[in-house]
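Chemist: This structure is in C-alpha cells; I'll ask about it shortly.
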Amino acid sequence: MSVMTSAAVPPRIALVGNPNCGKTALFNALTGSRQKVANYPGVTVERKIGHFVSPLGRRVQVIDLPGTYSLRARSPDEEVTRDVVLGRFAHEESPDLLVCVADATNLRLNLRLVVELKRLGLPIILALNMMDAAEKRGCRIDAAALSAALGVPVVPTVAIRRGGVQPLLDQIDGAVALAAAADAAESPAPCCSPCGSPNGWSEPSSRELRAYHQEVEGLLARCVTDAGLPPVATRRVDAVLLHPVFGLAFLFLVLFLMFQAVFAWAEAPMNLIDGAVSGLKDWVAATLPDGALRSLLTDGIIAGVGSVVIFLPQILVLFFFILVLEATGYLARAAFLLDRLMGGVGLHGRAFIPLLSSFACAVPGVMAARTIENRADRLATIMIAPLMTCSARLPVYTLLIAAFVPDRPVLGGLVGLPGLVMFALYAAGILSALAVAFVLKGTVFKGAREPLLMELPAYRLPNPRDIALGLFERARIFLARAGTTIFALMIVMWFLASVPGAPEGASEPAIQYSIAGMIGHALEPLLAPIGFTWQIAVALVPGIAAREVAVGVLGTIYALSDSGDALQSSLAGALAASWGLPTALSLLAWYVFAPQCIATLTVVKRETNGWFWPAVMFAYMIALAYGASFVTYRVASALL
Amino acid sequence: MSGQSFPETGQRPGGRHLGELRKGQRARVTGVDETAVVTSLPEGELERRMIEMGLVEGSHVEVLHEAFPGRDPIAIRVNEHTLALRRAEARAVLVAPAA
Ligand SMILES: Nc1nc2c(ncn2[C@@H]2O[C@H](COP(=O)(O)OP(=O)(O)OP(=O)(O)O)[C@@H](O)[C@H]2O)c(=O)[nH]1
Ligand SMILES: [Mg+2]
C-alpha cells in the first residue's frame with residue numbers, strides 16, 4: 001500500500017475474535033447499525049462493513065467478521081474471517097488495524113487467538129469486552145499490565161452500554177496514525193514483503209498451538225489478579241434445562257408453545273386488522289364511483305395486500321419467540337440436547353440452529369448453515385431447511401385453517417383445534433425434513449458425522465429494548481414487502497384478472513374470460529389430479545416470487561368473482577363455500593413441501609456455488625409436494 | 001504445568017480419558033491423543049481442534065451435564081468456559097483425577 005492511498009482511502013479496521021464475544025455488538029455501537037446480535041456462537045456468518053468518525057474527525061471503515069477460534073478456518077464462515085484478515089479477498093488488502101475482541105469473562109480461551117493473531121504482525125488493539133459481566137463475577141484484570149506484556153494497547157469495553165466503547169474510540173486515532181506510519185516506513189516494494197505481511201502465514205501445528213497456550217498462561221499469571229467465580233446462575237438453570245429428561249421435555253414444550261402461540265396470541269389483533277381492512281374497503285367502495293379504479297383499489301389492492309397484512313401479528317409472535325430464544329443462550333443448549341436424536345438421521349446437533357431460523361425464513365437459515373464445518377453435513381442441512389415451515393407459509397395455513405377447521409377446544413380446553421392443526425402442519429414439515437435428511441445422509445452424503453465441539457454461552461436476560469427493536473424491524477420489513485413486492489404483484493394480478501373483459505352475454509363472472517382465467521384453465525389439467533381448482537393454479541404462479549402472495553391473489557380472484565353482496569364475506573368464508581375439504585387438505589400438503597420461493601433457491605445457489613443443488617432441491621421438493629398432495633387428495637376424497 | 005512426559009503418546013497404563021468421566025467428576029487434562037478415536041477428519045485435526053477449544057495439558061475439566069439417550073453428548077466446564085462434545089471424541093483427551 002502506498003502512502004498516497006492512506007490519505008484518500010479511509011483506514012480499515014477489522015473486528016476479530018472468538019464467537020459470541022460481542023464483536024457485532026461492538027460494531028453496532030461504533031457504527032450505529034443494527035446487525036444481528038444474539039447469545040450463541042455463530043451469529044455472524046458474513047463480513048459486514050460500516051463506517052464511523054473517530055474523535056479526531058477521521059472517517060474509519062470497520063469490518064465485522066464471523067467469530068473464530070483460530071485462523072485455521074474450519075467452516076465457510078471462518079474462511080471469511082481468515083481471508084479478510086490475511087488479505088486474500090480479491091482487490092482487498094489486509095486491514096490496517098485489527099481490533100481483537102476478547103470476552104473478559106473467558107480470557108484464557110480468547111487470548112489464545114490474540115496470541116495467534118499477533119504473529120501476523122498487523123497493528124492490533126485488544127478490546128476486553130463484557131467488562132460489566134467480568135466485574136460482576138469478581139474478575140480482576142490489570143489492563144495496563146496486559147498491555148505491557150502483550151505489547152499492544154488494551155482497552156476495556158462494554159459494547160451493550162451507552163458510552164461503553166469510548167475507551168476504544170479514544171485509542172483509534174493513535175493506533176491508526178501509528179499503523180499508517182509503519183506502513184509508510186515499510187519498503188515501497190510491491191505488496192508481499194515477507195516480514196510484517198500476513199501473506200507468510202501458515203497453519204500452526206499442534207506444537208505451536210500448545211506454545212500459544214503456554215504464552216497465555218504466562219500472561220494470565222501476570223495480569224489476572226482474580227479469576228472470579230464461574231457463572232453459578234447458569235449452572236443452576238442448566239441443571240434443570242439440560243436434565244436428560246426434563247430438559248428434552250422442556251424443549252418440546254417450548255416448541256409446542258411457540259407454534260400454538262402463533263395461532264392463539266395473534267387472533268385478537270388479526271381480527272382488528274381484518275375489521276380495519278374491510279372498513280377501508282367499504283369506505284372506498286362507498287366513496288368512489290363504480291369503475292375500473294374502484295375495482296383496482298378494492299378488489300386488487302385492498303383485498304390483495306390486506307389479506308396479507310392481516311398476518312403481521314402472527315409473524316411478530318413467531319419472531320418474538322425466536323428472538324427470545326436467541327437472546328437467552330438457549331439455542332446452543334437445544335443443539336446440545338438434540339445432538340443424539342438428530343444423529344439418528346445423520347444430522348449434526350448444530351443443525352438445529354439453522355433449522356430453527358428457517359421457521360422465520362429459509363434464507364437466513366441456509367446462510368446460518370455456514371457454521372457447520374463438514375460439507376456433506378452442511379449440504380444436508382441446506383437441503384432440508386426449506387421444509388421448515390417459514391413465516392411466509394403461515395398466511396396460507398392460517399387462511400385454510402380458518403376456512404375449514406372448526407374452532408373448538410380440544411385436550412380438555414388446553415388448546416384450540418386450529419392451534420393443534422397448525423402444530424401438526426409444523427410437525428409434518430419437521431418430520432419430513434428428518435426423513436429427507438435420513439435418506440440423503442444414507443445415500444449421497446454418506447460419511448461419519450463431524451465432531452461436536454460447541455461452546456455453551458452463559459445465559460443472559462434478553463434486553464426488552466432489543467427484542468422490541470427486533471420486532472419493530474421485522475414489522476417494517478414485512479410491511480415494506482407488502483407495500484412493494486406484494487403491492488406490485490397485486491396490481492399486475494388484478495390487471496391480468498380483469499382484462500379482457502367478459503364477452504357480450506357472458507353468463508360467468510368476467511374473470512373467467514381474463515388472462516388470469518386462461519392461465520388458470522391452462523394449468524388446471526396438470527393440477528386437477530391433486531384437486532386444485534383453476535383459481536389455485538392462478539395463485540400458485542405469483543406465489544413463486546413471494547409465497548404469501550398466493551393468499552393475496554386468492555383474495556383478489558374471489559373478490560372479482562363475487563357478485564354483489566357476497567363481497568362482504570371474508571376470504572375464508574368464500575373458500576369454505578367453494579372448495580371441498582379434500583382440496584383444502586391437498587393445498588396444505590402442497591405448501592408443506594412446495595419449493596415456491598425464488599429467494600431460497602437463489603441463496604442456495606450462492607452458498608453452494610452453482611445451480612446444481614438448487615436444481616436438486618427444486619426437483620425433489622416439487623416431486624414431494626405433488627406426491628403428497630395427490631395422496632392427500634385421493635385419500636381424503638375416498639374417506640370423506 | 002506438571003511434568004507429563006509425552007503427551008502425544010500418553011497411553012500410560014490405567015490412564016483415563018474424558019469420554020469415560022461421569023457427571024460431577026473433575027479432572028485435569030494430561031494429554032491429547034487422537035489415535036484412539038475414529039473420525040472423518042484428517043490426521044492431527046481433531047487434536048488441534050481440541051487444543052483450540054481449551055482442552056490442553058493442564059486444563060481443569062468437570063463434567064456438568066449429560067444429554068439423553070446414552071448420557072451423550074456431555075457438557076463440560078473447561079477452566080472458565082463450558083463446552084459441549086460427544087463422548088466418542090472426548091476419548092482423545094487424557095485426564096488424571098483432579099488433585
Ligand atoms: N454483558 C454484556 N453482554 C454483551 C456485551 N457485548 C455483547 N454482549 C452480549 O453477548 C452476546 C453476543 O454478542 P454478539 O455481538 O452477537 O457476539 P459476536 O462476537 O458478534 O458473535 P458471533 O457473530 O457469533 O461471532 C449477545 O447476547 C450480546 O448482547 C457486553 O459488553 N456486556
Ligand atoms: Mg457477530
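Just so it is clear, glycine is given a Cβ too, placed from its N, Cα and C backbone atoms.
Annotation source TrEMBL lists domain 'FeoB-type G' at A:10-178. Here TrEMBL flags A:245-266, A:301-325, A:345-367, A:379-405, A:417-440, A:478-497, A:532-559, A:571-591, A:611-633 as transmembrane segment.
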Chemist: Out of A:345-367, A:417-440, A:478-497, A:571-591, which stretch touches the transmembrane segment (A:611-633) the most, going by CB pairs under 8 Å?
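Modeler: By the under-8 Å Cβ criterion, the transmembrane segment (A:611-633) pairs most with A:571-591.
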Chemist: What mean pLDDT score does the domain 'FeoB-type G' (A:10-178) have in the model?
Modeler: 94
Chemist: Between A:245-266, A:301-325, A:345-367, A:379-405, A:417-440, who has the most Cβ pairs under 8 Å to the transmembrane segment (A:478-497)?
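Modeler: It is A:301-325, which has the most Cβ pairs under 8 Å.
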Chemist: Sort out the residues at least 6 away from either end of the transmembrane segment (A:345-367), same chain, that have Cβ-Cβ distances under 8 Å to it, and list them.
Modeler: 40, 42, 45-46, 318-319, 322, 325, 331-332, 334-339, 374, 377, 380-382, 384-386, 388-392, 426, 433-435, 437-438, 440-442, 445, 449-450, 452, 454, 597, 599-600, 603-604, 607
Chemist: Are there residues at least 6 beyond the ends of the transmembrane segment (A:245-266) whose Cβ is under 8 Å from a Cβ of it, and what are they?
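Modeler: Distant Cβ neighbours of the transmembrane segment (A:245-266) are 313-314, 316-318, 321, 325, 330, 333-334, 337-338, 394, 398, 401, 415-416, 418-420, 422-423, 426.
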Chemist: Using Cβ atoms and a strict cutoff of less than 8 Å, what residues sit near the transmembrane segment (A:571-591) while being 6 or more residues removed from its termini?
Modeler: 303, 307, 393, 396-397, 399-400, 402-404, 425, 530-533, 536, 547, 551, 554-555, 558, 562, 625-626, 628-633, 636-637, 640
